[in-house]
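Residues annotated as active site, proton acceptor in Swiss-Prot, with sequence analysis given as evidence: Lys168, His287. Residues annotated as substrate binding site in Swiss-Prot: Asn116, Thr166, Lys170, Arg288, His320, Ser372. Annotation source Swiss-Prot lists Mg(2+) binding site at Lys194, Asp196, Glu197. Residues annotated as N6-carboxylysine in Swiss-Prot: Lys194. Residues or ranges marked as site 'Transition state stabilizer' by Swiss-Prot: Lys327.
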Amino acid sequence: MSSKSYSAGVKDYRDTYWEPDYQVKDSDFLACFKVVPQAGVPREEAAAAVAAESSTGTWTTVWTDLLTDLDYYKGRAYKIEDVPGDDEAFYAFIAYPIDLFEESSVVNVFTSLVGNVFGFKAVRSLRLEDVRIPLAYVMTCNGPPHGIQVERDKMDKYGRGLLGCTIKPKLGLSAKNYGRAVYECLRGGLDFTKDDENVNSQPFMRWRDRFLFVQEATEKAQQETGERKGHYLNVTAPSPEEMYERAEFAKEIGAPIIMHDFLTGGFCANTGLARWCRKNGMLLHIHRAMHAVMDRNPRHGIHFRVLAKALRLSGGDHLHTGTVVGKLEGDRAATEGWIDLLRERFIPEDRARGIFFDQDWGAMPGVFAVASGGIHVWHMPALVSIFGDDAVFQFGGGTLGHPWGNAAGAAANRVALEACVKARNEGRNLEREGKEILQAAAQHSPELKIAMETWKEIKFEFETVDKLDTTHR
């Protein structure tokens, strides 16, 4: 029988979960939340409430607290900061002991950090801005099935970014016509083509038919060009059993890479598929469909940098990241920050890029950043400058929309990429001299010349909704 006294009733969260003098441990999970409390709720109380509800707390004192070491297991709100430009919101920094989380389980981490607390009445809005995953926990996770260097070795592609294309129209093509589009793109010079996120197994194109026609197209393009090619076969399915059936069939027919929608498919399915890919030598492309539901509102949800970290833990060799210059939302500094979080081994805190904590990935492989969404040849200099070589540049409409057809669109993109890489390696400034570099290359490539004429007026100049806090620039 414990000698501790037990006092029933309700007490302020800050009495237990607010510890401004707490010394953060290397083994702690750290989280930064942007909090907008309800009127009349003090900042310390709101921060402590978030710490409690995302760890050991509930709305009242319970006698079973005496049966464990609550002081060891609880989350602690240890720091509060103002949010520049927002008088209502503040940043709450919370530390969680590593033993609160099951090893190698992104599912359990997110169930704890964001599973219940986002509906808490004490806060008007809540956003998870960043997390620090301790190295001790990173080492329990398998991470990407292969990573950047292994993929380059498998595909025999070095010294430049990879080129891809999403087949369009994304829905409605027959399997035979879909395969034809794949073949034209790959023979024209692309490294990969891909299924779009919502291509699964619809009445107009069942998955098995698509896989067979696409693999035939891929192998034919390989034989003609002498280059290794691939198509991201989307194995996302109604159930895990069907997902693995599709993955096994892709392996049987010789496909080098498959694809998964990791947010709609779920972290459990994604982690299992990543482990299967590692065991079976398959590359894994990850689409982020549904991400903007969670990450676009600057006051509520989960920032994409957190989702990117979660994917690296769960496993994937590619991840869509936005483009900065294309049709999708993306602040440049923030995008460069999460590109590094996907690829580098150690990323220091850098508020100018929205990174709130140091992140050490140890020996975990990196992930190719995928730039996709409304891009064309005129964007190539900026893309190479922003993303570097360890990226996949995917031109859907920017390939299939070429007036001369898919193969010509692919050739235009290949010439533009190689011209930009060559110019960069010679020391030229791509963002300042990009127009001249492309115009010079177009003198020897009629496909590129026509592409430049076709899309010379196409821009996506809209104000970014989710901006970095301006005083951290």
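Yeah, the Cβs are placed from backbone N, Cα and C, and that goes for glycine too.
Overlay of Swiss-Prot annotations on the structure.
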residue	record	CB count, 10 Å
Asn116	substrate binding site	11
Thr166	substrate binding site	24
Lys168	active site, proton acceptor	16
Lys170	substrate binding site	13
Lys194	Mg(2+) binding site	29
Asp196	Mg(2+) binding site	19
Glu197	Mg(2+) binding site	20
His287	active site, proton acceptor	28
Arg288	substrate binding site	24
Ser372	substrate binding site	25
Next item on the list: Compute the C-alpha separation of Lys168 (active site, proton acceptor) from Ser372 (substrate binding site), stating it in Å without decimals.
Entry: 13
Margin query: Spatial neighbours of Glu197 (Mg(2+) binding site) among the binding-site residues Asn116, His320, Ser372, defined as Cα within 10 A: which are they?
Written below: none
Next item on the list: Give the three-state DSSP assignment (helix, strand or coil) for Arg288 (substrate binding site).
Entry: coil
Check: Expressed to the nearest Å, what is the distance separating Lys170 (substrate binding site) and Asp196 (Mg(2+) binding site) at their Cα atoms?
Finding: 6
Notebook entry, point to check: Once the DSSP letters are reduced so that anything not helix or strand counts as coil, what is Thr166 (substrate binding site)?
Noted result: strand
Notebook entry, point to check: Any idea of the Cα spread of the substrate site, Asn116, Thr166, Lys170, Arg288, His320, Ser372, as a max distance in Å?
Noted result: 36
Check: Does His320 (substrate binding site) have same-chain partners at least 6 apart in sequence with Cβ under 8 Å from its own Cβ, and which are they?
Finding: Ile286, His287, Arg288, Val370, Ser372, Gly373
Next item on the list: For Lys194 (Mg(2+) binding site) and Asn116 (substrate binding site), determine the Cα separation and express it in whole Å.
Entry: 36
Check: Other than Lys194, Asp196, Glu197, which residues of the chain come within 8 Å of the Mg(2+) site, judged by Cβ distance to the Cβ centroid of those residues?
Finding: Thr166, Ile167, Lys170, Asp195, Asn198, Val199, Tyr232, Asn234, Met259, His287
Next item on the list: Round to a whole number and give the Cα-to-Cα distance in Å for the pair Asn116 (substrate binding site) and Asp196 (Mg(2+) binding site).
Entry: 32
